[in-house]
Amino acid sequence: MSGRGKGGKVKAKAKSRSSRAGLQFPVGRIHRLLRKGHYAERIGAGAPVYLAAVMEYLGAEILELAGNAARDNKKTRIIPRHLQLAIRNDEELNKLLSGVTIAQGGVLPNIQAVLLPKKTESKKA
């Protein structure tokens, strides 16, 4: 007697939905939060996977651009200023996050063309 009951089948090791989808973001937690938030009466099985994938992609995109901005400023640590520069210099991210204010982010350096000094032509005799 093996003590496993009738079937004798060994239960497979539990595998998270995040690892099945190849994601780092927690699919189970996102599913729970979608249910708890009362966004809809029912939540499909694919919805939290898709949402986790989108969130992971956006996070990776912003972090990559912010890392580039930090490296351009000769820094090894990403600060809110680098996030601001990364988002505002990217056309699509800027449009997506147009209504977002980043604390301690500052503004993009920009001088209007009319305020710049006029270029005078030097007269050569």
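Start at 1 and count along the chain as shown; that gives each residue its number.
From the backbone N, Cα and C atoms, a Cβ is placed for every residue, glycine too.
Listed in Swiss-Prot:
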type	residues	note
COMPBIAS	1-18	compositional bias 'Basic residues'
REGION	1-21	region 'Disordered'
MOD_RES	Ser2	N-acetylserine
MOD_RES	Ser2	phosphoserine
CROSSLNK	Lys119	ubiquitin cross-link
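Around the residue listed as 'ubiquitin cross-link', a 10 Å sphere centred on its CB holds 6 further CB atoms from the protein chains shown.
Secondary structure at Lys119 (ubiquitin cross-link), as computed by DSSP, is coil.
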